[in-house]
Amino acid sequence: METSLHKAPQKRQVTAIIFLLLLWEAGSATITYSVLEETDRGSLVGNLAKDLGLSLRELITRGAQILSKGNKQLLQLEQKSGNLLLKEKLDREELCGSTNPCILHFQVLLKSPVQFIQGEIQLQDVNDHAPEFMEDEILLKILESSLPGAVFPLKIAQDLDVGSNTVQNYTISTNAHFHLLTRNHSDGRKYPELVLDKALDREEQAQIRLTLTAMDSGSPPKTGTTQVVIVVLDINDNAPEFAQGLYEVQVQENSPVGSLVLTVSARDLDAGTHGELSYSLFQSSNQVLQAFEVNTDTGEIRVRKLLDFEEIQSYRMEIEASDGGGLSGKCTVVIHVMDVNDNAPELTMSVLISEIPENSPETIVAIFGISDPDSGDNGKMVCSVQDRLPFLLKPNEENFYTLVTERALDRESRAEYNITITVSDMGTPRLTTQHTITVQVSDINDNAPAFTHTSYTMFVRENNSPALHIGTISATDSDSGSNAHITYSLLPPHDPQLALNSLISINADNGQLFALRALDYEALQAFEFHVGATDGGSPALSSQALVRVVVLDDNDNAPFVLYPMQNASAPCTELLPRAAEPGYLVTKVVAVDRDSGQNAWLSFQLLKTTEPGLFSVWAHNGEVRTTRLLSERDVPKHRLLLLVKDNGEPPHSASVTLHVLLVDGFSQPYLPLPEVARDPAQEDVLTLYLVIALASVSSLFLVSVLLFVGVRLCRKAGETSLGGCSVPEGHFPGHLVDVSGTGTLSQSYQYEVCLTGGTGTNEFKFLKPVLPNFLNEGGYRNTEENSNFRDSLGFS
């Protein structure tokens, strides 16, 4: 490709040709570009994508990057097009000096996977410098006795360009005595020699002035001129001569300014002023003139500025010794600069990834190059990082290294690493360079939230206020950022009957649990559910914990008396035989409390009784017992008021009224069964059963009466006296029980007990007494008392 460069001041056009070369050597590819110096910034060097055989997508995906030696980047890669552009205008003389060819090295880094491709730019010289003489006038003294053919070297011109653009030829102005020859130095430089064609005559012309022109071969060529003044001298027989024509010496590059390098010596056999010598540099380059100086009187060559082996390894110069008569002699001095380990290794960071994911082994952290301009062992380098760090250095081509992770990192264990890269050379003493980089380990969502407990137990007292805070669950996540942001939730309960969403709510941000409504211990003593903690990562991770809510009982239920049932229409009556001993069990009050714990601990107390001191109740089991023997003075009917109280705070109580009927000769206490709650559906069936049973008993009773009457009529025995007692003979049904006692009730009663276990009800039916033929007064009185007794109980 061709690029036209316009230089405004001169209004001329310079054509720059940029071409691409692919070199394949030793199985590796080197991309070589050729660029003219002074090409404008941003100019196209080549299309890197095409030159590498990659598509633009591949070039971007693989993370192509241009690396230059040193810290100065000369090229830039245009990602959207794959073009390689100049980052700045390049000056060959500044970058390479007199070195030819001028080659600038760079590397192409493909990051994924890592691959280095060597590249170089051959910086082509343009003729942007004209030859220039260091002196405006060159003084040359020649003896008039010099013979034709004598050669007189002249000082050279300097041209910073190289190749054909540097000095290629010298010319001298037309004259009658001299012609000019252009010679080649061993280093390739051109120098002029003046050749005498015709003998000189001082008396005829004591001084001759000539114009010396230096010309390069650029396009267009450039020239430089100086004046040569030739002074014709009288005859002088002897010219100065050096002890040797070539001097070679070595000097350390760290030699201080002013240090002695070499002393050259010449002698002149003439006496007087013709034997006095002066020394000077002759036909020397700018580099020599800047680095060394010669003592004109002693011939000592001393260091003029600090030398640098890495810049120039040797100097070649001509030393001229001139006597007072104008004659001179010359010698060549070659100074070799010796390398010392004066340069510490340099580290140039090309790629630095300051944040890497925690779970990726062999992840590229940095790519860097190291260099040491010293030579030999002074330029050999070793590179390392600290021990016990999970990082490895992998060497690449041309002193490039890749720093990678040795294994997967764990941000939760260590979130930051300070890595010190140490580069040491092998010189004596060793010089070291250290570069510290900080690498942050980025988080990935590799840790699920962890609850502080696997299960939580929370207590809430029943009858709580709605929205009551009952407890808090807590989970932690070792990750960071959104990966550690935890959201709490209620998980569906295992029991489908548990309406969890109507009982409990949870704050999704902080895990606080609230009771949505008042809880009832008697309906629900405890329930369990699971809570979940989910982080904000992608994909999200979660965990769960068990929460058990225990409802604490409040004393909100009064005791309930199961037995005896309190029914206003039919008060419960217990029968107590008058012959009962003290401690006789009259009945037992049975009560329950729907509360629990001490709220359900019941105690019994006798509050009120018809006959104080006759009855007592056991506080813990509700048994009503007699406290003494009954007497004739005790009224036959007693009313007891009992209190059933729980142990809650505040306590609740219930009262029960008990009727006790004193009877003579009753051998067993009357133990009515408590009436329990019945299902209305069962009550109809039980009623039917009861009617059937009642009809059966009535029929049996009627048959018994008829049998009894028949037996009485058939008896042939006479009636007994008034003091006797007629006892019916024959078989009595099993439901007729003799209750004859020793007391006041000497008559025989028959009674029917109807007990139905299913209903818990009881009925007593007293029949009329079977009266013998009592004619005495006592028998009448007893009958009257019994009648009164019946009436008081409401029996007929």
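All residue numbers here begin at 1 and follow the chain in the order shown.
Just so you know, glycine gets a Cβ as well, placed from its N, Cα and C.
If you check Swiss-Prot, you get these features:
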type: DISULFID; residues: Cys96-Cys102; note: disulfide bond
type: DOMAIN; residues: 35-133; note: domain 'Cadherin 1'
type: DOMAIN; residues: 138-242; note: domain 'Cadherin 2'
type: DOMAIN; residues: 247-347; note: domain 'Cadherin 3'
type: DOMAIN; residues: 456-561; note: domain 'Cadherin 5'
type: CARBOHYD; residues: Asn169; note: N-linked glycosylation site
type: CARBOHYD; residues: Asn184; note: N-linked glycosylation site
type: CARBOHYD; residues: Asn418; note: N-linked glycosylation site
type: CARBOHYD; residues: Asn567; note: N-linked glycosylation site
type: SIGNAL; residues: 1-25; note: signal peptide
type: TOPO_DOM; residues: 712-796; note: topological domain 'Cytoplasmic'
type: TRANSMEM; residues: 691-711; note: transmembrane segment
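Within the model, the domain 'Cadherin 5' (456-561) carries an average pLDDT of 94.
If you compare Cα positions, Asn169 (N-linked glycosylation site) sits closest to Asn184 out of the recorded positions Cys96, Cys102, Asn184, Asn418.
Between Asn184 (N-linked glycosylation site) and Cys102 (disulfide bond), the C-alpha separation comes to 22 Å. Counting in whole angstrom, Cys96 (disulfide bond) lies 38 from Asn418 (N-linked glycosylation site) by their C-alpha atoms. Across the structure, Cys102 (disulfide bond) and Asn418 (N-linked glycosylation site) place their CA atoms 40 angstrom apart. Within the domain 'Cadherin 1' (35-133), the DSSP-based counts of helix, strand and coil residues read 16 helix, 39 strand, 44 coil. Taken through DSSP, the domain 'Cadherin 5' (456-561) splits into 8 helix, 48 strand, 50 coil. Counted over every protein chain shown, other Cβ atoms within 10 Å are most numerous around Asn169 among the glycosylation sites Asn169, Asn184, Asn418.
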